[in-house]
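Here the structure comes first, spelled out in structure tokens, and everything after it is commentary.
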Amino acid sequence: MKKNVHPAYYPDAVVTCACGNTFTTGSTVKDIRVEICSACHPFYTGKQKFVDTAHRVDRFKRLQEKAQSFKKAKNSKRNKKSVEKTAIKPKTKK
């Protein structure tokens, strides 16, 4: 095998979770930071909670509310136009 081709391997690399849990593993990086681990993941803990570190759920809800208000405004504008058209259009006799 060639020398100096492979990265350095650390058999006692420390993994630190956002919840505060730490454990050791082997890796090519000495310190690893993760957002979620087996101590706080809903699948392993059995607790139902949103794991939303980037605020994606809030953003989705905000976009849905914006779309609904836009849809209501569009429908009210469309209804006003249809009322105006029917009021202006005279009825013809056949």
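Placement of Cβ uses the backbone N, Cα and C atoms for every residue, glycine included.
Where the annotation comes from TrEMBL, it is an automatic prediction and has not been curated.
According to TrEMBL, the protein has these features:
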BINDING   Cys17, Cys19, Cys37, Cys40  Zn(2+) binding site
COMPBIAS  69-80  compositional bias 'Basic residues'
REGION    67-94  region 'Disordered'
At a 10 Å cut-off from the C-beta of Cys17 (Zn(2+) binding site), count the other C-beta atoms across all protein chains.
18
Select the most exposed residue of Cys19, Cys37, Cys40, where exposure means the fewest other Cβ atoms within 10 Å, treating these as the binding-site residues.
Cys19
Determine, for the Zn(2+) site, the additional residues of the same chain whose CB lies within 8 Å of the mean position of the CB atoms of Cys17, Cys19, Cys37, Cys40; present them in sequence order.
Ala18, Gly20, Asn21, Val34, Glu35, Ile36, Ser38, Ala39, His41
